[in-house]
Every structure is written in C-alpha cells, then in structure tokens.
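Asker: Reproduced below are the annotations present in TrEMBL:
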- 20-217: domain 'YjeF N-terminal' (DOMAIN)
- 66-70, 131-137, ASP160, ALA262, GLY324, HIS375, ASP441: (6S)-NADPHX binding site (BINDING)
- ASN67, ASP127, SER163: K(+) binding site (BINDING)
- 225-495: domain 'YjeF C-terminal' (DOMAIN)
- LYS411, GLY412, PRO413, ALA414, THR415, GLY440: AMP binding site (BINDING)
Amino acid sequence: MFKNMAATMPGPEVLDCAGMTRADAFAVRQGVASLTLMERAGAGVAHAIMARWAPRPAAILCGPGNNGGDGYVIARLLRDAGWPVTVFSLGDVAALKGDAAHMAGLWTGAVKSLDSFKTERFALVVDALFGAGLSRLLDGMALKASRSLAERDCAVVAVDVPSGVNGDESGSEGACVKADLTVTFHRLKPAHLFHPARAACGEIIVVDIGIPDGWRQGAGALPEIVQLPGITLPDTGHDRAVHKHGKGRLCVLAGPPGATGAARLSAMAGLKAGAGLVTLLCPPASLMEAASASLAVMTKSIREDDFADTLSLHRPGALVIGPGAGLNETLKARVLAALSTGVQAVLDADALSVFADDPKALFAALHDRAVLTPHTGEFERLFPGLLDASASPLEAARAGSQQSGANVLLKGPATVIAHPDGRVAVNIHASGRLATAGSGDVLAGIIGALMAQGIAPFQAARSAAFLHGEAGYHLPPGGTAEDLLAVIPAALESLGREQERLLTLNRLGR
Ligand SMILES: NC(=O)C1=CN([C@@H]2O[C@H](COP(=O)(O)OP(=O)(O)OC[C@H]3O[C@@H](n4cnc5c(N)ncnc54)[C@H](O)[C@@H]3O)[C@@H](O)[C@H]2O)[C@@H](O)CC1
Ligand SMILES: [K+]
C-alpha cells in the first residue's frame, strides 16, 4: 500500500559541538591530520565566498582558537586568488597554539590588531572570531567589532557559527555577529536550525571536510533532518484492488456549535492525505453545522458520556482530538477515555491546553501510540519552563517526549519530532506561507491520516510535517488553510514522484 521508504537511509544528522569534537577526533584517529581538516574547512569557506562574490577588499577577523585558525587559511586562499585581504587578530598572534598557530605561520601578510578594524574600509568581512569554543558572552574588542558590522552594509561571512552564537543553542543572550552567509563543517549544529540564532546565520552551507565513515559509532541516536526519501507516503497510484476501508479509517472529534471549522479542516486534510474513510464525531448540537458543511467527510452524533464506547464502535485506525474542541471537563474526559482504549491518537490544540492545570494527569494516560502537536505556547502549558531551560527546541522536545511518554511534534519554523525512546527529527522543509490560521489543524489531520493508514506514529509525524511543508510550497500568496487542503494532493504527487526518482537512483547506484 505504501511506497516503501528505505528506513536505512537516514537524513543528515544534527551534531552538537561535543559530537563535532568527537567526529573530528575520530577522523584524527583514522589518520586524517587535524591540519588537513582545518585546511579543508578554510578552503570550503574561501570557495563559498569566491562562488558568490568577485574579488573585493576583504577583512578576516581571527580569534584566539581554531576558528581563528580557519580564518588564516581563508586569508591565504583568498589572497592567492587575487583578493585584497587584511587580517585582524583578537589577541596576540604569538599566543596561538597548535593548528591555529601553524596556519597563522603560513600567512605571510601583516596582521593588525582587531582594535584598529574599521568596517567602512571593507566590502566583505569574514568572522573567524569564535566558533565551537565560545564559552562566554562577547565583550571588549569582539563585541565592538560585532556592533560595527551591524552598522555597515558589507557582506559578512561567518565561519562555523556567527561569533556570539553558541552552536548548541537556539538563543543568544548577548550580542552576536549577523552574517549573510555561514559556512559550517560536516553537519549542521542546532544553532543553524532554530531562531533567533538561525536568523543570525543568513544563508547556511555545510562543507564536507572529509571525516571518514564510521564517525557515528557510539554516538547514540543523533537528531536527524527529515528529508526524502526517508519519509513514508500513502500510495498515490491507481491500484484498483484497494477498498476505502483498507485505506484507513480516521475519526476527528468536532467541537461545539460555531467552532467546528478546525475539526472540519483536520477531517478534510485526513481525506486529502489518503485516509479512506473520515468521520467527524459530533456533539449532537454540532451535528447539523458539521453535516451541512461536509460532503465527503461523514458525520456521526455522539453521546455525552461514553467516548470509549463510541471509539470501539467506529474502530478508527487513528483519532484526531483537540482542534476547536473547547476547553472543558468533557474534553478532558474524552482525551483520557480515548487514550485508555489504546487507539492511535493525535492530541492537538485544546486537547493539550485543557491539561494546563494538571499535565501529570495527561502524562499518566499517554503512550507511544499518541502524538502531541503543540506550538510553543501549548508546549509551555504542558511543560512549564522546559523550553527556557533547554539549549534548543531539539532538547526541549526530546525531554518533553520522555516526560510524557508520547511522541511530541513541537511546531515552529523548524518543527521537532521526538519519540520517547530518544529519537529526534527536525523538519525544515516548510514554507512561511504555512503561518496561517488553521494550518495546524490541517497538519493534525495529515498525521492522523498517515497513522490510520498504518504508518507508525513517529514516522507518520515526521512524514506529515514534510508533506505539510511541501503543501506550503504549493500555496499561492495569501493562501488560507482551505487552499492548503486543496494543494495536499499536488504535494503528495510531487513528493511521490521525487521519492520514486531518488529510490531509482539509489537502486542504480548499488
Ligand atoms: N577541531 C577540529 O578539528 C576542527 C575545528 N575547526 C574550527 O575550530 C573551531 C573550534 O575551535 P576552538 O575549540 O579552538 O574554539 P574557538 O576558536 O571557537 O574559540 C576558543 C578560544 O576562544 C576563547 N573564548 C571563548 N569564548 C570567548 C569570549 N566570549 N571572549 C573571548 N574569548 C573567548 C577560549 O578561551 C579559547 O581560547 C570550530 O568552530 C571550527 O571553526 C575547523 O578547523 C575544522 C576542524
Ligand atoms: K565565527
């Protein structure tokens, strides 16, 4: 029934700074000289610069560690290519150690003090002040330099991360350099993915510095970027043998009269994302409203008390509960009743907020067949203080999933999907056009539809985030959630085609 995606083809991992240090050390143990890694890192930055800008007066700001060492490589390669280059150093060059000292020794031009750096003399500035070794807020000359860069209209290229940004963290307490281009090495770091740090990076490219295969050994489950072909999509083919019941049954709980729109969006998204049969379970007072606004979606009146019985009657493959459901005790009871049946469930919006006063009651009932889909406000209600206490949304979602026992999909420009066993994925395939009312209801419906079709919850959530993101790219300007529904089939088709192409290439490559 599904295009069977190769689970053995994980996307590129996200590495924290400690993981990057371990990967570097592994390369060295395998016989790659650390100087070679630094030369490749600097060459990667220099080539990225030359691919984007013609020669122009360039300043290279070099710090006291290996990030500065990369800077000396960049200075040498740009100068060899005919660029007018001036190097500025934070601190005494004679104090450099190891590889950085070696690379500084290969730079035969002058080195000026960072104190004398004047932005207006340069059209391009390379920020090689601090990378993975940043251990405190910028101050002194580095702070002054970062401020003067912000005031001027020259191109800024950050080496590894903009100085002042900690590679592991999404936030920046103090000042940081604002770059137009950030060139990092081997793998993305959390700071490249999440705002506000991400906004300081500008365009981001990852350079392969030749760390040999095998670096993942002992690294545990690394966060992974969701990408094709590692997602699972419903079959978009024309197989005549399929029956609607065989394509998955999805139930969606409708809200009170006047508020059924959100659930209707989820239900319709479920159909568009391939569920064979979608039923809106309606409080009696909402039945007419829901039924009169639905064609392909079925509607069913439900009784006040026995939600578990209702579910056993309909036997859905998955349930979406929460969109527009209303913050009241009945909803709480229904969420707990649904969870007690073990049905696969997407808990969204009100189904999360309604437990703000007692998240533990929810956590006690949750299991790994459930997916919670909070935005940051809802996440904060369920896990007070966790976002602030975490280095990045990656860590927050991972901890939230482990605390709650359910899959957590934390929405944002970069959406994190975490499984209670520690697996984490990040979806960055998403258009800003998705930031429109009702977009989250559509996502909940897509996740539910994929689960109803037999895709395991964690994989359904990652795949749905990617498909929803793709649909965003098909949205016209000013597109609403209704328009988003309309483009889900086109998004499915284009992803299916691309998936097929990649798998064919993969087979041919073997
Ligand atoms: N380890 C490796 O093999 C490789 C490292 N590379 C580069 O090396 C970088 C990491 O190098 P390092 O670990 O030496 O770290 P950094 O070069 O980022 O900085 C470390 C130095 O800065 C000082 N420092 C930290 N924060 C400061 C602050 N706010 N104000 C003043 N001084 C501060 C530290 O005491 C230390 O002397 C990476 O970001 C990358 O650019 C690349 O060359 C690729 C290979
Ligand atoms: K930097």
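Please read every residue number as a count from 1 along the shown chain.
Positions of Cβ are set from backbone N, Cα and C atoms, glycine also.
Whatever TrEMBL says is automated annotation, not expert-curated.
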Asker: If you draw a 10 Å sphere on the Cβ of ALA132 ((6S)-NADPHX binding site), how many other Cβ atoms land inside?
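Answerer: Taking all protein chains shown, ALA132 ((6S)-NADPHX binding site) has 21 Cβ neighbours within 10 Å.
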Asker: As a check: which entries in ALA132, LYS411, THR415, GLY440, the binding-site residues, place their Cβ less than 6 Å from an atom of ligand 1?
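Answerer: Only ALA132 meet the Cβ criterion.
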Asker: Other residues near the AMP site, CB within 8 A of the CB centroid of LYS411, GLY412, PRO413, ALA414, THR415, GLY440?
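Answerer: My list of surrounding residues reads HIS375, LEU410, VAL416, ASN427, ALA430.
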Asker: If you check the binding-site residues ALA132, HIS375, LYS411, ALA414, THR415, GLY440 one by one, which have a CB less than 6 Å away from any atom of ligand 2?
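Answerer: The qualifying binding-site residues: none of them.
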Asker: When the Cα-Cα distance from GLY69 ((6S)-NADPHX binding site) is computed for each of the binding-site residues ASP127, LYS411, ALA414, THR415, which gives the smallest value?
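Answerer: For GLY69 ((6S)-NADPHX binding site), the spatially nearest of the binding-site residues is ASP127.
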Asker: Restricting the comparison to the binding-site residues SER163, GLY412, PRO413, which residue's C-alpha is spatially nearest the C-alpha of ALA132 ((6S)-NADPHX binding site)?
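Answerer: Closest by Cα distance to ALA132 ((6S)-NADPHX binding site) among the binding-site residues SER163, GLY412, PRO413: SER163.
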Asker: Please name which of the binding-site residues listed here, ASN67, LYS411, ALA414, THR415, is nearest in space to SER135 ((6S)-NADPHX binding site), Cα against Cα.
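Answerer: If we rank ASN67, LYS411, ALA414, THR415 by Cα distance to SER135 ((6S)-NADPHX binding site), first place goes to ASN67.
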Asker: Per-residue pLDDT averaged over the domain 'YjeF C-terminal' (225-495) comes to what?
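Answerer: Taking every residue of the domain 'YjeF C-terminal' (225-495) together, the mean pLDDT is 95.
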Asker: Please find which two of LYS411, GLY412, PRO413, ALA414, THR415, GLY440 have the most distant C-alpha atoms, given that the record lists them as binding AMP, and give only that distance in angstrom, rounded to a whole number.
Answerer: 14
Asker: Tally every other Cβ atom lying within 10 Å of the Cβ atom of HIS375 ((6S)-NADPHX binding site).
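Answerer: Neighbour count, Cβ to Cβ under the 10 Å cut-off: 16.
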